[in-house]
Amino acid sequence: MAGVLRLAGAARSPLARALAPAARRMGASAAAAMEDEAYWTEWEEEEEKARARESAPVAEMCPTGGGGGGPQWVVMGRPGPQKHAHAARLAEVLAVPYISMGTLVRQELSPASSLYKKIANSVNEGKLVPEDIIFGLLTKRLEEGYNKGETGFILDGIPRTHMQAEILDEIVDIDLVLNFKCADNCFMKRRFGGDICPHCGQLFDFSKTASSDRNPSLGSCTWPSQVQHAAVLGLEDSRMEKMRAYAEQTKLLEDYYRKQRKLMELKTSARPGETWQGLVAALHLQHLDASPTPHKLTM
């Protein structure tokens with residue numbers, strides 16, 4: 001495994017050194033969206049974590065890997081409690097810390113924090129949290145872990161864009177990126193409804209053959225969710241535009257890690273236990289579970 005941090009001479013201002021090249025490229029207006037936490041409640045998170053634990057017996061699990069370093073992995077995909085729960089569970093199994101970017105930001109939403117006003121103002125004004133704050137918090141957390149002897153991590157909530165991925169590569173060596181992909185259009189059906197392409201957020205009109213057979217933005221056939229039309233549900237154009245932008249950013253991010261041969265895609269299921277078994281199989285950790293269930297996984 002790669003070293004924990006690319007921070008030579010960590011004792012002397014490693015945070016400033018690590019962020020210096022990134023800051024030059026970010027620009028004054030660059031910002032990161034920490035919106036994954038807005039789609040689900042803490043109660044849902046705890047419920048999903050409990051289900052994930054039930055599907056993965058602790059007694060049969062032990063840390064994997066050897067040598068002086070642990071896995072340095074990123075999880076990405078549609079926001080939702082199942083992704084967070086399985087990422088946290090995987091970190092527990094591998095005996096590495098689970099680092100949630102959303103949690104790091106929330107911890108600074110305290111009047112005692114020097115960043116409180118900056119973050120609170122961004123949130124209250126509906127703006128994005130500046131990337132210098134995001135990567136500052138992340139680098140600080142990684143340095144603290146390094147100083148405590150941590151040798152790996154599961155990172156959730158960042159990167160969200162191609163540029164963030166490049167900045168992250170300047171700070172740490174990422175070994176693997178687990179991409180949780182919601183099967184059967186479950187994200188769109190659950191959150192929005194409507195005849196929506198799960199890849200780009202495009203609305204479909206089933207009265208027109210072309211729209212249901214081929215998505216021009218992808219150049220491939222699609223099978224959108226056949227539920228109520230989006231217009232009936234009163235979906236706002238701004239919401240759909242956000243989903244299209246999210247899809248575009250995600251595709252660029254996937255391509256970035258695919259070119260590095262670090263991307264592993266996992267089709268998630270409505271049943272947390274099935275998703276966990278698929279994750280175990282994808283990572284060749286079948287010995288951690290007595291009855292793994294095979295799933296279609298691509299590397």
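Placement of Cβ uses the backbone N, Cα and C atoms for every residue, glycine included.
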Residues flagged as region 'NMP' in Swiss-Prot, choosing from 70-99, 100-129, 130-159, 250-279: 100-129
Pairwise C-alpha maximum, in angstrom, for the residues (R106, K127, L128, V129, G157, I158, P159, R160, Q164) that bind AMP according to the record: 20
Sparsest-packed among the binding-site residues, when each Cβ's other Cβ atoms within 10 Å are tallied, from Q82, Q164: Q164
